[in-house]
Amino acid sequence: MKTFTSALALVVGMLAPGAVVAAPPSTPAQRDLVELREARQEGGKDLRPREPTCNTPSNRACWSDGFDINTDYEVSTPDTGVTQSYVFNLTEVDNWMGPDGVVKEKVMLINGNIMGPNIVANWGDTVEVTVINNLVTNGTSIHWHGIHQKDTNLHDGANGVTECPIPPKGGQRTYRWRARQYGTSWYHSHFSAQYGNGVVGTIQINGPASLPYDIDLGVFPITDYYYRAADDLVHFTQNNAPPFSDNVLINGTAVNPNTGEGQYANVTLTPGKRHRLRILNTSTENHFQVSLVNHTMTVIAADMVPVNAMTVDSLFLAVGQRYDVVIDASRAPDNYWFNVTFGGQAACGGSLNPHPAAIFHYAGAPGGLPTDEGTPPVDHQCLDTLDVRPVVPRSVPVNSFVKRPDNTLPVALDLTGTPLFVWKVNGSDINVDWGKPIIDYILTGNTSYPVSDNIVQVDAVDQWTYWLIENDPEGPFSLPHPMHLHGHDFLVLGRSPDVPAASQQRFVFDPAVDLARLNGDNPPRRDTTMLPAGGWLLLAFRTDNPGAWLFHCHIAWHVSGGLSVDFLERPADLRQRISQEDEDDFNRVCDEWRAYWPTNPYPKIDSGLKRRRWVEESEWLVR
């Protein structure tokens with residue numbers, strides 16, 4: 001272990017907001033969870049009813065004939081024969097009035113909303129989404145975060161990897177994938193920080209659960225919110241510390257801490273009932289700690305993995321993570337603050353709104369603002385819990401793990417060039433070619449992959465592969481990173497010792513000491529987890545899904561700066577699994593993109609996974 005003098009202030013840029021709880025302006029404005037959900041549903045078809053089921057409030061473990069909470073969903077999926085169809089129309093709006101009363105110069109919306117439709121399906125359904133890109137100059141692609149895309153790699157939505165961007169001014173394509181998993185997730189543009197401008201939405205796949213509940217409240221997304229355009233922010237963060245978010249939207253709404261304009265998200269609880277709430281962090285940079293005053297939450301799913309029930313007082317959500325929780329409305333009928341706080345001394349983000357909050361209202365109680373502000377939750381130090389245990393177990397041996405160059409992915413920050421902040425993994429920063437994605441190489445049999453695509457080829461078939469990710473022990477400073485894998489869930493086998501995120505202590509994996517820290521006996525399994533600041537993380541995934549799968553930091557500015565690799569899993573098998581229909585559609589979109597790109601007025605100036613327009617440095621004032 002090494003301890004470095006902290007240079008973290010260069011990145012944080014300001015004092016961290018304390019782990020404070022709600023002390024909001026006195027306004028009673030509220031917006032109900034159901035109202036917000038119904039507003040976002042416009043543009044999608046209603047969920048088709050399914051056959052009568054054994055899934056009832058007293059027995060959520062059962063689902064349908066032959067399928068329940070113990071079914072291995074990676075092996076068996078209900079055959080519903082149902083397709084849930086949606087149409088997404090992407091548009092740009094200038095001088096848009098935001099939910100907290102501040103006009104934004106430009107936003108990019110799906111079907112006219114700051115969040116797109118909530119995609120709802122049942123376990124086993126097929127989801128079909130036609131995306132029409134009516135943006136002015138930006139291409140787009142839609143990634144279905146956490147969806148494994150078994151045998152549908154070309155529908156993963158990672159431009160420059162699995163497809164060319166959908167060109168603007170009317171370009172379109174249709175994504176199709178099977179809901180082989182169930183739980184809560186989200187979708188977003190992978191053409192950028194573009195999702196920070198509004199090209200984002202939620203996914204709810206109904207299925208069994210590990211704990212009974214009476215009422216499903218649906219999705220509850222939380223996101224950082226900036227008054228400046230996200231693409232401009234990415235340009236700014238190439239050479240400057242990222243600014244704190246201007247506000248935090250909870251289920252699409254917020255109160256402005258300076259003016260009192262806007263509304264609190266309101267969730268109505270039925271006294272005596274158990275409520276399922278699907279909490280998501282759909283941010284570009286902010287990580288959150290959440291808690292409900294005078295209530296506990298019982299976790300039943302982490303990302304899209306059902307877990308054995310685990311009761312907590314608070315939760316940490318990294319960017320991209322989701323938790324399904326059950327809340328028992330057994331307290332005195334009243335109004336309670338749902339608090340969003342920040343930890344780690346701003347090492348994983350902060351907001352200029354010091355008290356983001358929502359209101360949980362017991363039906364029948366008087367209206368108004370809660371009076372009990374609660375107490376600060378424990379500081380999670382920018383680390384997600386390792387205590388969750390999946391219902392469907394996976395176990396692997398760990399005592400024989402050997403660190404080698406071919407299974408180690410070092411993460412380093414390069415401050416030697418222009419732009420100032422360049423993030424490298426395995427010695428290289430990713431920089432994809434929108435007009436020649438990796439799939440193009442697969443289809444043509446060309447194995448001369450560019451170094452800039454940062455490919456890690458994995459040829460093993462149906463084997464557990466182990467990956468050690470290490471933050472640079474010699475770098476000027478070290479930050480935590482929310483690492484997300486496409487195409488798989490991974491096992492979280494272990495990480496370096498839990499220390500304060502801002503301490504700048506450094507740890508390198510030492511088998512003599514750290515093998516004892518590993519857990520291969522049904523460890524946490526998910527698609528996003530935290531690489532500790534100054535530390536290491538050991539993951540494993542099984543090579544059972546041929547494809548080109550990104551593995552990247554989900555902080556928009558970091559992946560824009562190169563922090564990603566592309567696992568090319570079993571390329572020969574991948575070629576055989578690409579249908580003629582998918583190949584034809586891939587070529588059509590690429591032909592349209594290649595015809596458009598020479599006319600685009602803005603140059604490509606980043607990794608390609610986070611696209612933004614060029615702005616002059618003089619447009620920016622550092623806070």
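Placement of Cβ uses the backbone N, Cα and C atoms for every residue, glycine included.
These features come from Swiss-Prot:
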SIGNAL    1-22  signal peptide
DISULFID  C54-C62  disulfide bond
CARBOHYD  N89  N-linked glycosylation site
CARBOHYD  N138  N-linked glycosylation site
BINDING   H143, H484  Cu cation 1 binding site
BINDING   H145, H188, H554  Cu cation 2 binding site
DISULFID  C164-C590  disulfide bond
BINDING   H190, H486, H552  Cu cation 3 binding site
CARBOHYD  N251  N-linked glycosylation site
CARBOHYD  N266  N-linked glycosylation site
CARBOHYD  N294  N-linked glycosylation site
CARBOHYD  N339  N-linked glycosylation site
DISULFID  C348-C382  disulfide bond
CARBOHYD  N426  N-linked glycosylation site
CARBOHYD  N446  N-linked glycosylation site
BINDING   H481, C553, H558  Cu cation 4 binding site
Within 10 Å of H486 (Cu cation 3 binding site) (Cα-Cα), which of the recorded positions N89, H143, H145, H188, N446? H143, H145
To the nearest whole angstrom, what is the C-alpha distance linking N89 (N-linked glycosylation site) and C553 (Cu cation 4 binding site)? 28
Checking your reading of the structure: which of the recorded positions H143, N266, N294, N426, H552 lie inside a 10 Å Cα sphere centred on H558 (Cu cation 4 binding site)? H552
Rounded to a whole number, how many Å is the Cα of H190 (Cu cation 3 binding site) away from the Cα of H143 (Cu cation 1 binding site)? 6
Using DSSP and three states only, what is N426 (N-linked glycosylation site)? coil
Mind giving me a neighbour count for C590 (disulfide bond)? Other Cβ atoms within 10 Å of its Cβ, every protein chain shown. 20
Give me the sequence-ordered set of same-chain residues, not including H145, H188, H554, with a C-beta within 8 angstroms of the centroid of the Cu cation 2 site's C-beta atoms. H143, W186, Y187, H190, Y195, T282, V319, G320, H484
When the disulfide-bonded residues C62, C164, C382 are compared by other Cβ atoms within 10 Å, fewest goes to C62
For H554 (Cu cation 2 binding site), what is the secondary structure by DSSP, using just helix, strand and coil? coil
Long-range neighbours only, meaning 6 or more apart in sequence with Cβ under 8 Å: which ones does H481 (Cu cation 4 binding site) have? V411, N471, M530, L531, C553, I555, H558, L563
Of the binding-site residues listed here (H145, H188, H484, H552, H554), which is spatially closest to N138 (N-linked glycosylation site) when Cα positions are compared? H188
